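**Student:** Can you keep this structure in mind? I'll have questions shortly.
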Amino acid sequence: MTQSAPSSLTEAVAQPAEIKAERPNAVRFWTIFLALGLALGLSPLELTSVSTVLPSVVSQLHGANFIWISAAYSLGSTAIVPLSGNLATVFGRKYCSLAAIAVFALGSVLCATAQNIPWLIAGRGLQGMGGGGVVSFTNIIVSDLVPLKDRGWITGILNFIWAVFAAIGPVVGGALTNAGQWRWLFYLNLPICGLAFALVYMLVTFELPVGPLKERVRILDWPGMLLIISSSTCIVIALTWSGAQYQWGSAHVLAPLLVGLFGLGIFIVYEQRLAANPITPFSLFMNRTTCSGYIQAFLIHFISLAVIYYLPTYYQACKSASARQSGIDTLGLSLALGPSVAFGAWSVSKFNRYRPQFWLGWVIVTVSLALLSTVKAESSISLSVGYSILFSIGCGIITSITLFPVLAPVPPSKAPFGLAFLLFLRLFSGVWGTSVGGAILQNQLLKRLPSQFFQLFPGTSEFAYSSIPDINMVSEPTRTEIRVAFADSISIIWIVLAALAGLGLLASLGMQEIPMHSTVTDDGETQGSVRTVANEKVDESEGWTSPVVTNKTS
């Protein structure tokens, strides 16, 4: 596919342009894949390890805003992911990936040296920006090199890498915390970042965009970015404050919530009617299969993030588990994820179908969460471990295949933007998962904790979270009452998540089974045929396009 270069960079935005990826040989491809996998593993390592050590870290830093430590990471991710499609084409995939790794490393240094909670939250925000960029640009690079039909087994390998890092995270984090060395949890990211940075720099090769930097920056959708970030932040602030610091109906909660929802509405109108280079082309939402895929991606990551963060809380608060022991208790959750994501991705590549896997996954997730809601403070650990493994199996199947209903109906020219929005939903749903889960926990603890607890640990229910390491020092019968309060409060989280899983099952019924394109040319184009999907003509032969013409290689 060739065409004359536009006379200006602005014209380049409006015209299809080609981005060429060097088609690597087998050895180089797998070496690049190793580099991308190492970088990708940073995010789940932080995700699962921090959730395990959070009570101890909050206690040592004498803070209470535990929700913001987790939410800051997701907020940082949502700040960068919506722009990842445009950033990758304006500045180049290679250098965007390098910048993301560097930002993640900087955030890790800040977290490792944090002396108070606000300092730690700032570091987590930077980590989120870097981690979100790594996930986005890794997926974009893979989409350039591998056709959608064959991406199932590649996705399976990436998800397996994710699962391995997620599995070792709680154990490593718990062991370091028990040794009083939780800061090394963040320092350990630095050698991984260094190796991934070096491999990406040496091996990943894409053509670079041309034109003055000022002009390239100008074409980015800055108003759209500002709207989505500010709106998301307002919503999370409302969710964080609700119930614990302020009542749900108070102005402190309703004001940021309404402002955030109004901002999202403005964002939709602006992107659809005014944006010259929208970060989210709304033609993506004209197909019911794509919409169903987006809804399911949001729900499954909402649910999984909440489980990852609040299952260790159950073990530490109700079973007197140390940070390390709670990591071991949740190991089954992570280990079961690897085989299930491999099965999901393999089955799509093998049978060229994805709807049955979604139905199976949602049924398993719904049933497992309903079972988890029956676990009490006095229940055996093996019971909760078994239910969590069942949950992980269903979750792994779903997360490994959300890509397919989203991209199968989308023309290849829209694929980078469809992928960027999918990743945004995954990360933004994490904000909702941790924040809503935390709000439920705080609200329920306020109702259920005995009055003696607030005499021993004065403050809000956020202090109840930071006091988890000290529950063993409380005398009976107050100690048992505290554990029952935590178990019953966490049970409400599982009930809410089970209802959301049922909603995901309903959303999956709206999908169609759409064929997937099967080849990628040396120019990075997707080959296929013209077909009609839900009364919409989709040209699979259309090449992958970019808003910036490229002619230099790096």
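Cβ atoms here come from the backbone N, Cα and C positions, even for glycine.
According to TrEMBL:
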type: TRANSMEM; residues: 27-45; note: transmembrane segment
type: DOMAIN; residues: 32-516; note: domain 'Major facilitator superfamily (MFS) profile'
type: TRANSMEM; residues: 65-83; note: transmembrane segment
type: TRANSMEM; residues: 95-117; note: transmembrane segment
type: TRANSMEM; residues: 184-204; note: transmembrane segment
type: TRANSMEM; residues: 225-244; note: transmembrane segment
type: TRANSMEM; residues: 250-270; note: transmembrane segment
type: TRANSMEM; residues: 291-311; note: transmembrane segment
type: TRANSMEM; residues: 331-349; note: transmembrane segment
type: TRANSMEM; residues: 358-375; note: transmembrane segment
type: TRANSMEM; residues: 387-407; note: transmembrane segment
type: TRANSMEM; residues: 419-441; note: transmembrane segment
type: TRANSMEM; residues: 490-509; note: transmembrane segment
**Student:** Would the transmembrane segment (184-204) count as touching the transmembrane segment (225-244), i.e. at least 3 C-beta pairs under 8 angstroms with sequence separation of 6+?
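**Tutor:** When sequence-distant Cβ pairs are counted, the transmembrane segment (184-204) does not touch the transmembrane segment (225-244), since fewer than 3 lie under 8 Å.
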**Student:** What residues elsewhere in the chain lie close to the transmembrane segment (419-441), defined as a C-beta under 8 angstroms and at least 6 residues from its ends?
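**Tutor:** The answer is 66-67, 70-71, 73-75, 77-78, 81-85, 128, 132, 135-136, 139-140, 143, 232, 236, 239-240, 242-244, 279-280, 284, 293-294, 297-299, 301-306, 309-310, 313, 402-403, 406-407, 461, 465, 489-490, 492-493, 496.
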**Student:** Restricting to the same chain and to residues at least six past its boundaries, which positions have a Cβ under 8 Å from a Cβ of the transmembrane segment (331-349)?
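**Tutor:** Long-range Cβ neighbours of the transmembrane segment (331-349): 48, 149-150, 152-156, 159-160, 162-164, 166-171, 307-308, 311, 357, 361, 385-386, 388-389, 391-401, 404.
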**Student:** Please tell me whether the transmembrane segment (490-509) and the transmembrane segment (27-45) touch - that is, whether there are at least 3 C-beta pairs under 8 Å between them, with each pair 6 or more apart in sequence.
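**Tutor:** No, the transmembrane segment (490-509) and the transmembrane segment (27-45) are not in contact.
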**Student:** Among 95-117, 184-204, 291-311, 358-375, 387-407, which stretch has the most Cβ pairs under 8 Å to the transmembrane segment (65-83)?
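**Tutor:** The stretch I would name here is 95-117.
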**Student:** Looking at the stretches 27-45, 184-204, 358-375, 387-407, which one shares the most CB pairs under 8 Å with the transmembrane segment (95-117)?
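**Tutor:** Per the Cβ count, the answer is 184-204.
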**Student:** Could you tell me whether the transmembrane segment (27-45) and the transmembrane segment (387-407) are in contact, taking contact to mean 3+ Cβ pairs under 8 Å with a sequence separation of 6 or more?
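**Tutor:** Not in contact, no.
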**Student:** Report, as numbers and ranges, which residues of the same chain sit near the transmembrane segment (27-45): CB under 8 Å and 6 or more residues beyond its ends.
**Tutor:** 97, 100-101, 104, 130-132, 134-135, 138, 141-142, 145, 154, 157-158, 161-166, 168-169, 172, 189, 192-193, 195-196, 199-200, 203-204
**Student:** Cβ under 8 Å, sequence separation of at least 6 from the ends of the transmembrane segment (358-375): give me the contacting residues as numbers and ranges.
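**Tutor:** Answer is 296, 300, 303, 307, 314, 344, 383-384, 387-388, 390-391, 393-398, 401, 405, 487, 491-492, 494-495, 497-498, 501-502, 504-505, 508, 511.
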**Student:** Take every residue in the domain 'Major facilitator superfamily (MFS) profile' (32-516), average their pLDDT values, and give the whole-number result.
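**Tutor:** Across the residues of the domain 'Major facilitator superfamily (MFS) profile' (32-516) the model's pLDDT averages 82 on the 0 to 100 scale.
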